[in-house]
Each structure stands twice: as C-alpha cells, then as structure tokens.
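J.: Take a look at what Swiss-Prot says about it:
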- 15-23, 33-40, 63-67, 121-124, 151-153: GTP binding site (BINDING)
- 180-195: compositional bias 'Polar residues' (COMPBIAS)
- Cys201: S-geranylgeranyl cysteine (LIPID)
- Cys202: S-geranylgeranyl cysteine (LIPID)
- 173-202: region 'Disordered' (REGION)
- 37-45: motif 'Effector region' (MOTIF)
Amino acid sequence: MNPEYDYLFKLLLIGDSGVGKSCLLLRFADDTYTESYISTIGVDFKIRTIELDGKTIKLQIWDTAGQERFRTITSSYYRGAHGIIVVYDVTDQESFNNVKQWLQEIDRYASENVNKLLVGNKCDLTTKKVVDYTTAKEFADSLGIPFLETSAKNATNVEQAFMTMAAEIKKRMGPGATSGGSEKSNVNIQSTPVKSSGGGCC
C-alpha cells in the first residue's frame, strides 16, 4: 500500500452549468473563491488529502462541465467514481428540477453502489433563494442520500460536504478495504458523525 495514504477516493462533481461546482472545488481544495465565472471546459480535477478516523484519505475530485455538449466526455468519468456530488443552485429552480436527470445519468454510467450526495449551493443568497431547504431535504431523504446546503463564497458547509462524502464511502468499503474497488456491501449501519441534519445556513 502507498505509505502516503490509506485510501484513494475518486469524487465527481456534477450538475447544471453555473451552479458553482468549480467554486466548491476551489474552496475545498485551495480555500479560495472567485466571483468571475468561467465555464469549465470538459473536465478539471484537484487533489486534497484529509484525515478521517485516524486514516489518511486522498481525494481526487473531478469537476465536470455542466453543458450538454460535454455530456459525452464527462460520462466516461462516472466509471470508477467512488462518490458523486450532485450540485444545484438554491436560487435557480430549474437547476434543482434537473437533479433528477443528473441522478439518471449516475444510474446509467456509474457503478451500482456509488455514494451520492445532494448539495444546494449559493445558500448565502438568502433573498434570491427559490428552492426551499425542506423541499430538497425531503427529496434527498426519499432517495436515501445525504443533503447539505453550501456556500462556496462563505465557505459554509463546503468542508462538511466533502467530509460527509468521504465518510460515507469509507463506511461502505468497510474496515479492511483499500480504494482498489473492493465492492463490499456488508456495511455496518451506524450513525455518521459528520452528517448534519440541519442546513446550517438556511
């Protein structure tokens, strides 16, 4: 095993163009934020190493383009992903409505037991908010996936979103697994300490 880390998890950020996927990645990986919006061309990725339960986990986070014309490129990145974060913009109802389509993409291209996380970004824009926290939470609960509202601008829940995803993947893989794709399904069901029931910024 590589001495630098115990696990290597590949994460994927998907969602409509302009919802803030790149901003979330920049905030988590580099702790920076930019107001200027430049559309991701194809795929970009960053790496950050975290500590979780005494283990060193290397996160390889892929940021995908939300535009339709890149869909064929990005579909290949679903394969091999351990976790997929579906992002929508809380000020854009259509981006939330399209979450169902993104989830269908996951079902079509990703491995069957991939971990999913729903994220409502831009929760700092309270006066422009159109997607209610409760609506999104109930939707996520009905699918059995965790949900958080985040703000890449204010760094609200960004760290927690990625840590939640890492913890969920680690829990699914079981104690003896490395990132070699061990498809263990005998997961112990236990409370996840990093999962928040509240949005924290609604």
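Even glycines carry a Cβ here, placed using N, Cα and C.
Give me the structural setting of these features: burial, nearby parts and distances.
T.: Secondary structure at Gly15 (GTP binding site), as computed by DSSP, is strand.
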J.: Compile a sequence-ordered list of residues in the same chain as Cys23 (GTP binding site), six or more apart from it, whose Cβ lies below 8 A from its Cβ; state 'none' when nothing qualifies.
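T.: Once residues fewer than 6 apart are set aside, Cys23 (GTP binding site) is near Tyr33, Thr34, Asn121, Ala152, Lys153.
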J.: What is the pLDDT of the motif 'Effector region' (37-45) when averaged and given as a whole number?
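T.: So the average pLDDT across the motif 'Effector region' (37-45) works out to 66.
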